[in-house]
Amino acid sequence: RTMAIATVNLRALTSWVGIARLLAVVLSCLSFSLVASTGHFEAPYGTWCMFTWCFCFTVTLLVLLLELLELYPLLPLSWDDFTSAFSMLATLMVFTSSVVFPATFISSPCTRNQCARQAVATTASCLCFLAYAIEVSLTRAKPGDISSFLSTVPGLLKVFEAYVACLIFSLLDRYNGEPGLMWCVAVYSICFIFTLLIIIFTIGRCLAYVPCSLEKVLVGYNFLALLMYLTATVLWPLYSFQGQSRPDNCYKDCWWNKHLGVTFLTIFNLFAYLVDLVYSTRMVFFRAP
């Protein structure tokens, strides 16, 4: 009994990071419970939102338990990199759900009991997003500290870039037969694969086995990814909208709206890779003594 008490780390719950995680667990549970009670989440967007809240609730609760019982050192991974990557991913996923769910399911005026529960669930989701954003800010590496790569600005941007690429994949439509659009899809796919591998290898502590200067390789990769996304930023809207106006009966799943969404997401990732390149270059070539 004494040994069991000695292995319990109460600071996992009482620290500011622990409190942010506890709030995220409660708020995500509240969100999916309220939406589940309405029984109205059958569309793909509703399923995605429910998956987001359930996934974030489960993983965050697991993180709290592993840190409370101090079992995480037994796992064959970099714990700080994993928690940093997950908190950033959860921030992006919950933010997306907080925007998509009310836009899809809440109608105006909101007078029914079902609508009221959906509104409360949306509010809880927004607060859950803030909880995860606070966790990201609390665990972000201080300037000069690169002991945990995914907690640095370039590491967090890697998670952002991979997530935005996933959003782009979900919106891709009507690109076969157009060489320009197919090149853009190749750009999204290649950059996503390499970025995801960097994240996985970092969490799995596999980057130490790379027989070259990894930091300089990442700078070179960010430069190439920036150039590739620059071409996609020009070619995607050029081949998507050239000579084609928005259809009159263009609703939520209209191809024109999806291509417009891909255009904006491409621009977001272009700026993300630009900032990533700047920060990575500073970390490698302008490191303070």
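Glycine residues also receive a Cβ, built from the backbone N, Cα and C atoms like all the rest.
TrEMBL does not curate its annotations; it predicts them automatically.
Since the structure is predicted, the reported quantities are computational estimates derived from the model, not experimental observations.
If you check TrEMBL, you get these features:
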type     : residues : note
DOMAIN   : 12-144   : domain 'MARVEL'
TRANSMEM : 16-36    : transmembrane segment
TRANSMEM : 48-66    : transmembrane segment
TRANSMEM : 86-107   : transmembrane segment
TRANSMEM : 119-138  : transmembrane segment
DOMAIN   : 149-285  : domain 'MARVEL'
TRANSMEM : 180-207  : transmembrane segment
TRANSMEM : 219-239  : transmembrane segment
TRANSMEM : 259-279  : transmembrane segment
For the transmembrane segment (219-239), sequence-distant contacts whose Cβ falls under 8 Å of one of its Cβ atoms, 6 or more beyond its ends: 154, 161, 178, 180-181, 183-184, 187-188, 190-191, 194-195, 198, 259, 262-263, 266-267, 269-270, 273-274, 276-277, 280-281, 284-285
Dominant neighbour of the transmembrane segment (86-107) in 16-36, 48-66, 119-138, 259-279, by Cβ pairs under 8 Å: 119-138
Field: Region pair the transmembrane segment (119-138) / the transmembrane segment (48-66), three or more CB pairs under 8 Å
entry: yes
Message: Within the domain 'MARVEL' (149-285), count helix residues (DSSP H, G, I), strand residues (E, B) and coil residues, in that order.
response: 109 helix, 0 strand, 28 coil
Message: Under 8 Å between C-beta atoms and at least six residues away from its ends: which parts of the chain pack against the transmembrane segment (180-207)?
response: 76-78, 81-82, 85, 149-150, 155, 158-159, 161-162, 165-166, 168-169, 172, 214, 218, 221, 225, 228-229, 231-232, 235-236, 238-240, 266, 269, 273
- prompt: Could you give the mean pLDDT over the domain 'MARVEL' (12-144), rounded to a whole number?
  reply: 90
Query: Do you know the DSSP helix, strand and coil residue counts for the domain 'MARVEL' (12-144)?
result: 108 helix, 0 strand, 25 coil
